[in-house]
Amino acid sequence: MFCFPLPMFLVALSFAYFAKALSGSYMKSTITQLERRFDIPSYLIGVIDGSFEIGNLLVIAFVSYFGAKLHRPKIIAVGCVLMSIGTFIISNLSMWIYVLLGNVLRGIGETPVQPLGISYIDDFATEENAALYVGCVQTISVVGPVFGYLLGSLCAKIYVDIGFVKMETITITPADARWVGAWWLGYLIAGVITLLSAIPFWFLPRSLPMSGPRGPENVLKADLPPSTDFFPTLRTLLGHPVYLIYLCVTIIQLNSLIGMVTYKPKYIEQHFRQSASKANFLMGVINIPAVALGMFSGGLLMKRLKLNIMGAARFAFGTSLIGYFLSLFFFTMSCENAKVAGVTLSYNSVDTVSYDKHSLLTACNSDCLCSASDWDPVCGENDVTYVSPCLAGCTGSTGSGKNTVFSNCSCVGVAGNFTASTGQCPHTDDCDRMFPYFLALSVITSFIISLGGTPGYMFLIRCIKPQLKSLALGFHALATRTLAGIPAPIYFGAIIDTTCLKWGQKRCGGIGACRIYNTTAYRIAYLGLTLSLRTISFIICIPGFILLSRQLKSEERNGIHGALANGGTELEALRKEEFVTSNSDQSQQTSDNSTDRETRL
């Protein structure tokens, strides 16, 4: 049907990888937008984010077992269609539960793309080309998050109800804690891209002619049902001490990584008071390329240095440890919390920030009958933010939209006509000076930690027997998704919620999204949890290196003994061969002499 079906499959799979990576990273970029749109706390956003992994786990065993028996390209096509449907469900429905269900459907649809796609390439490509093709696909998948975060940056600039309201009447800006961007627009775009990625797979064949020395027996072996000794084999795998420690270390480090990446744009927004659009732009343009370059450079260094299994383990550990020590400097990069009367400072002392419990209602606004649950901040002439014009004691206003000016604000000053403008007061200069240093350190640490990614993965492959490799990789993926991908966003979000100073209120009652955080507590909780998990992983690595050293010495001894045994066997065989050859030569010589005699006669 096609002249070059395998390259066409490679292009189609690369596009599918790009589409799923784009939509996944776009989900990360909309964390704060979804919080504000549905008025929900961070831990609930963590549940929504982890629901993707739940959907994946629901069908991964079914797909892995039956997928190889069926038409793999068409199964991948069905998966891409399901992903697009899930993405469309997220974009047009008005309740957060539908966002969760749509993300579960995305996870179900994503399941066949990687295992069936990679196995298809491995079955029908030559051995020397298979690694190259897989590398190309993985490289394309790194490009997806860049475009995902850039799409998130673009949509965050656009107001959520664009086309339905007059923008002149909007009183908030993208930097406001109440701003909600057009998050739904990005999901529509991602859904269309994912749907387009399904089209080529419908026209690709179920199987291809074998290339090179590979024979059909390789595919037949892949199609065989699992042996009845699955559980004994799994017991053997989990009884491998080095693999078990590696599994524990990677689960803990992935908890740290996933939690950190999920809430990093939010941290930039809240701590350095940047807009969601700028935070996503910086993630896409600076952080993700640094990670991609680090992973590529790590693989290149491993090849150049010709690292063995111990060398790979030391390299991965060393880069992670250097990144850990550099990350400690993040604790020093702090910004002073915003001055909000009744929240971070007292009405009676507007010069000193404190986190004691303050009252929003005081003498200057007691006659105004204000609601303490509202969040409609204004900036007074004294550079102090007030929760609402009413709580600032304002009795008049002029202008409209973003240009509204409130007058006669008794809480701003006691003499004269003090005014207040819409929105929070701009942040201080110390944040502007500190933010570039934060970005630079973030890029450096991301690059250094990513250097150990490829050697660490190669260590996983090499630390076990070849016959256990497939099971080890599959169980590793299952364990990390279950114990890191699902819980990390939830408990990171729950801990971040504890640092909230002012909660929004839903119209129907109940706690909504957080409006302002204690930035000092936020920084300690976010960075402290991230680095604490990595500290635990480093401690577990110590017995891991000891056991790995013993394993390598044992294998070396067994190798020497085996070589001696094989050498003795080979020597004996050689002697037998010489003996047989000698007898054969003697027989041949006797036969030749007899022939000569017969000729002479």
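Even glycines carry a Cβ here, placed using N, Cα and C.
Listed features, source TrEMBL:
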- 1-21: signal peptide (SIGNAL)
- 9-553: domain 'Major facilitator superfamily (MFS) profile' (DOMAIN)
- 45-68: transmembrane segment (TRANSMEM)
- 75-99: transmembrane segment (TRANSMEM)
- 184-204: transmembrane segment (TRANSMEM)
- 243-261: transmembrane segment (TRANSMEM)
- 281-301: transmembrane segment (TRANSMEM)
- 313-331: transmembrane segment (TRANSMEM)
- 358-413: domain 'Kazal-like' (DOMAIN)
- 434-460: transmembrane segment (TRANSMEM)
- 472-496: transmembrane segment (TRANSMEM)
- 524-548: transmembrane segment (TRANSMEM)
- 579-601: region 'Disordered' (REGION)
- 581-593: compositional bias 'Low complexity' (COMPBIAS)
Average model confidence [pLDDT] within the domain 'Kazal-like' (358-413): 83
Candidates 45-68, 184-204, 243-261, 434-460; stretch with most C-beta pairs under 8 Å toward the transmembrane segment (313-331): 434-460
Contact set, same chain, for the transmembrane segment (243-261): CB under 8 Å, 6 or more residues outside the stretch: 28, 237, 320, 456, 459-460, 463-464, 472, 475-476, 479-480, 483-485, 487-489, 491-492, 526, 529-531, 533-534, 536-537, 540-541, 543-544, 547
Ranked first among 45-68, 184-204, 434-460, 472-496, 524-548 for CB pairs under 8 angstroms with the transmembrane segment (281-301): 434-460
